[in-house]
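Colleague: Dumping what TrEMBL says about this protein:
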- His179, His240, His312, His525: Fe cation binding site (BINDING)
Amino acid sequence: MSLFEHPAGGYRKLFETCEELSETLPTTVTGRIPSFLKGSLLRLGPGLFEVGDEPFYHLFDGQALMHKFDFKNGQVTYFRKFIRTDAYVRAITEKRVVITEFGTFAYPDPCKNIFSRFFTYFQGVEVTDNCLVNVYPIGEDYYAVTETNYITKVNTDTLETLKKVDMCSYVNINGVTAHPHIERDGTVYNIGNCMGKGASLAYNIVRIPPTQKDKSDPIDKSKVVVQFPSYQRFKPSYVHSFGKTDNYFVFVETPVKINLLKFLSAWSIRGCNYMDCFESNESQGTLFHIAKKDPGEYIDLKFKGAPIGMFHHINAFEDQGFIVVDLCAWKGFEFVYNYLWLANLRANWDEVKKAAMLAPQPEVRRYVIPLDVHKEEQGKNLVSLPYTTATATMYADGSTWLEPEVLFSSPHQAFEFPQINYKRYGGKNYTYAYALGLNHFIPDRICKLNVKTKETWVWQEPDSYPSEPLFVQTPDAVDEDDGVLLTIVAAPGAQRPAYLLILNAKDLSEVARAEVECTIPVTFHGMYKP
């Protein structure tokens, strides 16, 4: 893996405010756009990094901007709009940060007197609806999302904002992740923190059914299907995604905790933001939970491992009485988001590298969870799958210790924002993962990993900063990797400062690119809508 240096600091452009568009822009195409690409690539990320003279401080604070590349007859057009969330509309109207974001505290309205401020305080916290993380379908609708209880319905053709939906109105949940699992029939599963029995915290998996025959809103029929317990009563772990096989859910409870009491009390008094409410439990390690999917049933087995931070599951599948869980790990118990302050990411290259040197080390790991655990087998490795070195060893107390197999590891080089051929291989035994390569947290390459042989492929170009690669399968695909990857690349030094890049998923060779005349800031997640 040739490592690029970025002394020119072009990556700073990823974190700069841009304007939305009033009409679609043409692109300049090199190569040939595959004829099977007929829909839209939809992406989300921050696009407004300050309001007036008030800056947003964290990578996850900028206001949600939705991007769309449309494919038609071998041509590509580009369009983008800010989502009209409450957070955005009120900020633009009042020319200040009105709603507290992940790492930015919103100061009280200077025009209000002490009494109205006092009453606002008792109405509680206004939770942000800044949906800058992902977009996904529920029934026939599309929602832009973050990790709070609010999701925002959008029109994916015009990028208009349709309505704000509060998931709390439908299910017992404090928020849901931006990483649902969506089955072939359109059923959506997601996970979030909730209040469990006896005033203690828990985690609920929510099921939203597919499109209804009577065209009613599937969200109305959302149900909690299973609940996972929380290791600490008042301090749930931060959960960003979860694993799903054909018959099981996998929930990894990391040592990164949300201090709820701090979250509820210190908030409006002391100028706290969400980031202030995270802490690490240095003694917990990592807990792996499993539950049956249909009908939902928690399986009360204790699986433990060394402490990791974890945001993205890659895939999980069942094999001969085991669940194989592949994920992007960050070693240790420190919260990786501590390294994603905009000031860090906009620093000079030497500073960026110096800061990242202190951060947890990224690693792609495979854990294997035995479904059949017997007391008499303590002390010996329970994993009998021939193709993995991952182990599971039972202790005298009945808990089982998991040691992973490392699928990829390179110092300060993360294989992150992973994607697979989800349509055909989600929840199934698979071979290939694709990802964005982070070089000291700066995205500078696209990677492919064979999880069976550990072979890797890389696409990278100097001073080019790609985004999460999305896999689109060729219509007549035979092999798992018959298809293309779609990624948006910022190329700040170039004549045209951004482009959509299409790579052959087999070997990451370039198929085509469609260049635009404007800059495109960082995007996190998205989808290809056929």
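From the backbone N, Cα and C atoms, a Cβ is placed for every residue, glycine too.
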Colleague: Sort out the sequence-distant neighbours of His179 (Fe cation binding site) for me: same chain, 6+ apart, CB within less than 8 Å of its CB, listed by position.
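Modeller: The answer is Asn134, Asn190, His240, Ser241, Phe242, His312, His313, His525.
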Colleague: Setting His179, His240, His312, His525 aside, what same-chain residues sit with their Cβ within 8 Å of the center of the Cβ atoms that define the Fe cation site, listed in sequence order?
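Modeller: Going along the sequence, the neighbours come out as Val133, Asn134, Thr177, Ala178, Ser241, Phe311, His313, Phe417.
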Colleague: Taking the Cβ of His312 (Fe cation binding site) as centre, how many other Cβ atoms lie within 10 Å?
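Modeller: Other Cβ atoms found within 10 Å: 18.
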